[in-house]
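Listed in TrEMBL for this protein:
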type     : residues                                                           : note
BINDING  : Gly57, Ala59, Val60, Asn64, Ser297, Asn329, Leu394, Asp397, Ser398 : Na(+) binding site
DISULFID : Cys162-Cys171                                                      : disulfide bond
TRANSMEM : 51-69                                                              : transmembrane segment
TRANSMEM : 81-102                                                             : transmembrane segment
TRANSMEM : 123-150                                                            : transmembrane segment
TRANSMEM : 214-231                                                            : transmembrane segment
TRANSMEM : 243-267                                                            : transmembrane segment
TRANSMEM : 287-308                                                            : transmembrane segment
TRANSMEM : 328-347                                                            : transmembrane segment
TRANSMEM : 382-402                                                            : transmembrane segment
TRANSMEM : 423-448                                                            : transmembrane segment
TRANSMEM : 454-477                                                            : transmembrane segment
Amino acid sequence: MNFTTLQVELILVKEQNGVQFTSTTLVAPTPTQTNPSGEEERETWGKKIDFLLSVIGFAVDLANVWRFPYLCYKNGGGAFLVPYLFFMVIAGMPLFYMELALGQYNREGAAGVWKICPIFKGVGFTVILISLYVGFYYNVIISWALFYLFSSFTGELPWVHCNNTWNSPNCSDWADNSSVSDLDKVTPAQEYFERGVLHIQDSNGIDDLGRPRWQLTSCLAVVIVLLYFSLWKGVKTSGKVVWITATMPYVVLTVLLLRGVTLPGAIDGIKAYLSVDFLRLCDAKVWIEAATQICFSLGVGFGVLIAFSSYNKFSNNCYRDAIITSSINSLTSFFSGFVVFSFLGYMSHKHNVALDKVARDGAGLVFVIYPEAIATLPGSSVWAVIFFIMLLTLGIDSAMGGMESVITGLIDEFKFLHKHRELFTLFIVVATFLISLFCVTNGGMYVFTLLDHFAAGTSILFGVLIEAIGIAWFYGVDRFSDDIEEMIGQRPGRYWRLCWKFVSPCFLLRLAYAITPETEHHLVDNGEVRQFTVSVDSNMIYYNLKHHISAGFTQICIFNIPLTTIPLKSNLTFMTVP
């Protein structure tokens with residue numbers, strides 16, 4: 001029998017006729033919440049908005065700014081929204097909803113939720129490991145943004161001229177009519193990133209990394225400290241941090257848009273962004289890129305959505321949350337395109353070149369093109385500070401989500417870690433910092449690129465695929481629907497059940513095949529995808545794409561990609577030669 005300890009509250013009322021009257025009441029103390037198994041109840045978010053901002057902050061990251069607008073521009077403009085929204089509805093939202101419901105019902109991290117079907121627990125550890133791998137290099141991107149932020153506190157931005165110690169003889173401004181040929185010409189902003197920040201010129205390849213550079217190491221350490229004190233107390237602290245990190249990018253994007261549309265050529269850039277070419281929809285590559293973007297931009301498969309939702313109240317309406325947060329993510333991507341292309345249109349107009357000469361994605365956009373555009377504005381240092389604060393906040397809350405996936409997933413699996421969350425969090429962030437040091441050496445870009453392209457590419461697709469199969473076919477869609485009905489009082493409609501059981505798994509499997517050469521499809525069946533071989537030499541990284549299948553025949557192609565055009569997230573596709 002369970003007995004509840006009661007407190008006796010003794011209240012002295014007053015003294016009447018020499019007699020003291022007192023009042024006593026039995027007050028039940030605030031109980032330590034326990035679940036049926038007798039374990040201490042799980043903590044929850046302080047407010048509902050804390051959870052929503054955390055999910056939005058994780059899903060809305062750097063790729064929303066540097067990836068989606070470029071994809072939209074090169075794949076038919078407004079027409080690209082057709083396959084994007086199509087895959088959003090049939091796969092993105094159902095998978096997003098599935099992970100939120102899975103975490104909320106089972107109240108555990110990515111590994112612990114598979115108590116519903118223990119044979120799939122390996123999938124949980126897989127996504128935790130992937131999140132850990134991504135943290136090794138994603139934090140480095142944030143440290144670059146922090147480095148640029150510190151460099152912006154100056155009267156003249158350091159990427160304006162070619163008279164710096166890191167500049168090469170090939171450095172030349174767009175308008176400079178020097179003797180340097182157009183093929184060899186490199187802008188000051190590009191050399192600042194490659195030679196002033198990364199110091200690639202001081203490395204001969206991946207076998208010549210050198211020591212960590214103290215400037216980037218210091219920035220990386222600041223990022224790690226910020227992450228630790230945002231996560232060490234759990235969702236009680238991280239839920240407050242996202243009030244700044246998740247909302248700041250929207251403020252900055254709005255300010256930049258208001259400034260961008262006033263620049264000459266901005267309207268032309270926006271028109272190019274929105275120009276509709278429905279004929280591009282006949283190209284299968286457009287649909288593949290839309291599907292890939294949906295899969296990675298929503299953040300399914302990293303265990304973050306499961307971890308975040310596990311701290312929700314049991315009766316929370318996770319269906320509504322899934323619709324709201326996934327929609328905000330897509331709208332943010334679309335909105336950021338106006339900001340990006342207003343400045344790209346300005347750059348095209350200013351240098352009198354075609355828009356496709358300045359339009360690019362990845363690091364080249366946010367660390368070369370955008371800083372170069374900002375440097376030409378009055379009060380350029382102020383605009384640079386604003387822009388890099390936005391990049392910093394975009395990155396921090398996404399990094400927080402990835403690290404929370406690791407921490408929550410492991411402490412839920414190994415219960416003794418619950419009492420030592422602060423120390424375990426410290427261990428995780430310090431370990432991440434030490435591994436990341438390889439990426440801030442002179443040759444760190446080589447290590448960075450390897451991690452970026454192989455840590456969370458096709459492996460994420462297979463992780464989500466197995467996750468969807470485990471829920472829909474082994475645990476059962478009907479049972480999963482019963483769980484959701486128990487939480488929110490409403491059973492998922494037939495549409496959601498069909499997507500979970502048939503559409504989403506087929507989408508993920510076909511997508512994995514679509515981005516893998518046909519000669520290696522047998523590797524897909526075994527979960528072993530070997531798309532690219534990498535060799536490094538001096539300041540270039542050579543990607544040898546073997547057995548590239550095009551129009552039914554095998555083509556061997558080898559092409560070079562300058563470092564500034566190398567995309568920085570696993571969902572970014574390689575540039576190809578015609």
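Along the chain as shown, the residues are counted starting at 1.
Using the three backbone atoms N, Cα and C, a Cβ is placed for every residue, glycine included.
Just so you know, TrEMBL annotations are computer predictions that nobody has curated.
Annotated features taken from TrEMBL, shown on the structure.
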residue: Gly57; record: Na(+) binding site; contacts (Cβ under 8 Å, 6+ apart): Val242, Thr245, Ala246, Asp397, Ser398, Met400, Gly401
residue: Val60; record: Na(+) binding site; contacts (Cβ under 8 Å, 6+ apart): Ala246, Pro249, Ile328, Asn329, Thr332, Leu394, Ser398
residue: Cys162; record: disulfide bond; contacts (Cβ under 8 Å, 6+ apart): Cys171, Ser172, Asp173, Pro188, Glu191
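Counted over every protein chain shown, other Cβ atoms within 10 Å are most numerous around Leu394 among the recorded positions Cys171, Leu394. With a 10 A radius on its CB, Ser297 (Na(+) binding site) counts 25 other CB atoms from all the protein chains. Counting C-beta pairs under 8 angstroms (sequence separation of 6 or more), the transmembrane segment (51-69) fails to reach the transmembrane segment (214-231), with fewer than 3 such pairs. For the transmembrane segment (382-402), the residues of the chain that approach it from at least six positions outside its boundaries are 54, 57-58, 60-62, 64-65, 131-132, 134-135, 138-139, 141-142, 145-146, 148-149, 152-153, 157, 223, 226-227, 230-231, 238, 241-242, 244-246, 248-249, 252-253, 255-256, 259, 299, 302, 304, 307-308, 366, 370-371, 374-375, judged by C-beta separation under 8 angstroms. Contact between the transmembrane segment (328-347) and the transmembrane segment (123-150) is not supported: fewer than 3 Cβ pairs lie under 8 Å, counting only residues 6 or more apart in sequence. Sequence-distant residue pairs (6 or more apart) of the transmembrane segment (214-231) and the transmembrane segment (423-448) include at least 3 whose Cβ atoms are under 8 Å, placing the two stretches in contact. Residues Ile56, Phe58, Asp61, Ala63, Gly299, Thr332 surround the recorded Na(+) site, their Cβ atoms falling within 8 Å of the Cβ centroid of Gly57, Ala59, Val60, Asn64, Ser297, Asn329, Leu394, Asp397, Ser398, which are themselves excluded. Ranking 243-267, 423-448, 454-477 by CB pairs under 8 A with the transmembrane segment (287-308) puts 454-477 at the top.
Long-range Cβ contacts of the transmembrane segment (243-267) within its own chain (Cβ-Cβ under 8 Å, at least 6 residues beyond either end) map to 50, 53-54, 56-57, 60, 332, 335-336, 338-339, 342-343, 345-350, 377, 383, 386-387, 389-390, 393-394, 396-397, 400.
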